[in-house]
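> If you scroll down you'll find the structure; I have some questions about it.
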Amino acid sequence: MNVSLKDSLGVLPRSNAKDMWHMGMYPPVLMDVWIYFHLIANTILLPILVTTFFMSKKVRRHSTLVNLCITWIFSGIFSLLLFFAGKHRGDEPGSTLCIIQTSLLYGITPMWAVAILMLLYYMLVALHDDISSLGRGITIFMLSAPYIAQCSFTIATLILAWNNTELVNRHRRFFYCSLNNNGLAMGMWLFTLTIGLGILVLGVALGSTLYRNWRALRKVGQKSGVEVQLFVRVLIFVAYIAFGMFAITISIFDPHNLMPDLYAATIGAAVFLLFGTQPDVLRVWCFWRRSTPVMPCCFCSWKKKQMMGQFDEEKGYDRNIVQRPATVLIIEHR
C-alpha cells in the first residue's frame, strides 16, 4: 500500500511499529531523515562547536550558550539509542533498552526549555545590569537548572515505566520508545509550556532592547553589522523555538503524528547554523585563510568613552536606550 508523505505525517491507523513499517504507512526515508539530523547535527557538528568554544582562545562564549549546545548533544545521543543498538527498524526493541530510552527522552524537552530560558535571562541581565551582580551561586544554578529538570522527569518516567513495562514500546512514536501515560505526558507539556511562555516574554524583551540599541546607534551615525547580526540571530532562534512549542502541543494530543518529531530533529542543526557560523568561529575553522581585520566594535568603543566620561550628549546618545552597550556582544565576544 502506497501512502503519500503528507498522509504519513498525519493521523494513521493505530497498529504496531513493525506493521506500520512493512505496510508502507511510514516511508523509510522519514526514519533516515530523522536519524540524519540527529546524527550529523547533534552528535557531530555541535560537539565540534562546543570543543571550539572550550579550546580556542579566539572564540569565547558565555557558559549558558555552551550549556544550550550541550543539551542538544544529549538529545541526539538519547534519540539515537535504538540506532546505535541496531534496533531502530523491524521488531520492537527489548524492554530494558526501551525503558532506558524512554526515561531519558522524557527529560529532554524540559531540559531544552530551561536551558533556553537561562540563556535569554542572562542576556537580558547583561543588557541592563552588571553581570557580576548575578553572583557565583546564581550562575551555578543557571547552569545546573536544565539538568535538574532532565533528572526530575527522567526519574519519574523510569519509575512509571519500570512498573508498567507493557506500556513502553515504539508503538506510539515510531522513531523511538515512549511510555503510554497521559498523566506524565500532560505534566511534561504543562511544564514545558510554562517555561516556553517565559522564553517568549524574555525573547520579546530582549528583542525590544536590542532594537532600541540599534536605533540609537543609527541615530549617532555608528555603523557595525555585529549588533544587527546578533539581533537577527536571537530573534530567529526565539521564533524557531516558538514553533517548537507548537509542535510539542501537537505531539501530546496526537502522538502518532510524525511532524513534531521531525521538526524537533532539526533544532540542533538550527543551533549550529545560528551560533556556529559567526565570523570569529569561521575564522578559527578556516585557519588556512589569511586573517582579515575585524571591524571595531562600536558598542565596545562606546563603553570605553562612557567610562572616561567622553560622551557627547548633543549627538543623541540616550542613556535610557543604550544600556550596557558592551555586553550586547555576550554571544559575539567575551
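Glycine is no exception: its Cβ is also placed from the backbone N, Cα and C atoms.
Annotations in TrEMBL come from automatic prediction, not curation.
The transmembrane segment annotation in TrEMBL covers 33-53, 65-84, 104-127, 139-162, 188-210, 230-250, 262-282.
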> Given a Cβ distance threshold of under 8 angstroms, which distant residues of the chain, six or more beyond its ends, lie next to the transmembrane segment (139-162)?
63-64, 67, 71, 74, 99, 102-104, 106-108, 110-115, 118, 121-122, 168, 179, 181, 184, 188, 191
> Counting CB pairs under 8 Å, which listed stretch among 33-53, 65-84, 104-127, 262-282 touches the transmembrane segment (188-210) the most?
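Stretch with the highest Cβ contact count: 104-127.
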> So are the transmembrane segment (65-84) and the transmembrane segment (230-250) touching or not, going by 3+ C-beta pairs under 8 A with a sequence gap of 6 or more?
no
